[in-house]
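K.L.:
Provided herewith is a single structure, encoded as C-alpha cells, for subsequent inquiry.
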Amino acid sequence: MWLTIVLFFITGVVSGTFGGLLGIGGASILVPALTLIFGLPIHLAIGVSLLNNVVVSFTATMRYRKQGLLSGKVILIMNVGSVAGIIIGTFLATRSPEAFLKALFGAFLMFMAANAFLHRNAVEGRPIGDPSPEEKAALSGLGFIMGLLGALLGLGGGTVAVPVLNTLFRMPLKYAIANSLATIIVSSSLGALIYFWLSSGTLFSAEEALMTAIAIIPGSAVGARAGAVLSERLHARYIKYIFYALLLYIAYNMIKSGLGW
C-alpha cells in the first residue's frame, strides 16, 4: 500500500517536471505509466490525468505569471474554443473501447515526437498583443483541439499548442509554454467535471480515481514547480531530445498493448 503511494508520488514528480518544463501538462508520461506500469484501466487513467493536469498547469502557470509571460486575451480566446472540444472529446472517450484509446494514445505520442523533430528550432517572435480577427479564429480553433485531446486522451493539449503558438503565431517559446499551461487549467478542470459526471460508476470507480489522484498530485505539484524553475536555468533543447526519444518507446508499448501484440 505505502509502496504504491510512494511510486505514485514519484510518477507525479517525473510527469510534473516535464509538464512544467515543456508546457505539456505531463499526461504524456502519466497516462502510459498508470496503464503500462500500474495496470490501471485507461479510462481511469484519463480521469486521474485530467485532475492532475489542473494542478500541474496551475502550479507552473503561477511561476510563469511572476515572469510576466501571460496574455489574458490569448488565454480567454483559446478557452472559448476548448469548451466545444471538451464536450465532443468526452462523448467520444466514454464510448471508445480501451484498446482503441491505447492505440490512439500511442499514435499521438509518435506524432508528438515527429512534430518536435520538425520544429526543433524555436522561433523568436513577439508576444501577441491585440489578436486580429483571423488570429482570434485560429486561437479558438487551437483551443478546440486542446479541449478535444484533453477529454479524449487526458492530455493537456500543450503538445499541439506550444509548437503552433511558437511557429505559426511566432510567439516566443517561453510565452507559448506559459499561455498553453494557463489554458490547460480551465480546459482540464471542465474536462474533469464532465468526464467524471459521464463516466464514474460505469467506466471506472470515482473513488479509486480520486484516491490515485491524491497520491500523484502532490508529486506533480513539486515537479511542475521544479520544471518551471529549470526552464529559467536550462537550455530545454537537450532535455526535449531525451524526452521525445522516451516518448517513442512509450508510444510503441501503448500501441503494442492496444493491439494485443
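Quick reminder: no glycine exception, Cβ is built from N, Cα and C everywhere.
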K.L.:
For which of the residue intervals 11-28, 209-226 does TrEMBL record transmembrane segment?
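P.N.:
Of the candidate stretches, TrEMBL labels 209-226 as transmembrane segment.
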K.L.:
In terms of Cβ proximity under 8 Å, which residues at least six beyond the ends of the transmembrane segment (238-255) contact it?
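P.N.:
Residues packing against the transmembrane segment (238-255) from afar: 18, 21-22, 28-29, 32, 35-36, 102-103, 105-107, 109-110, 112-113, 116-117, 120.
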K.L.:
Report, as numbers and ranges, which residues of the same chain sit near the transmembrane segment (139-165): CB under 8 Å and 6 or more residues beyond its ends.
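P.N.:
For the transmembrane segment (139-165), the sequence-distant neighbours (Cβ-Cβ under 8 Å, at least 6 residues beyond its ends) are 19, 22-28, 30-31, 45-50, 53, 56-57, 74, 77-90, 92-93, 96, 101, 104-105, 108, 112, 115-116, 119, 131, 171, 173, 175-177, 179-181, 183-184, 187-188, 190-191, 194-195.
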K.L.:
Six or more residues beyond either end and a Cβ under 8 Å away: which residues meet both conditions relative to the transmembrane segment (74-93)?
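P.N.:
Those are 43, 46, 101, 128, 131, 136, 139-153, 157, 161, 179, 182-183, 186-187, 190-191, 194-195, 198-199, in sequence order.
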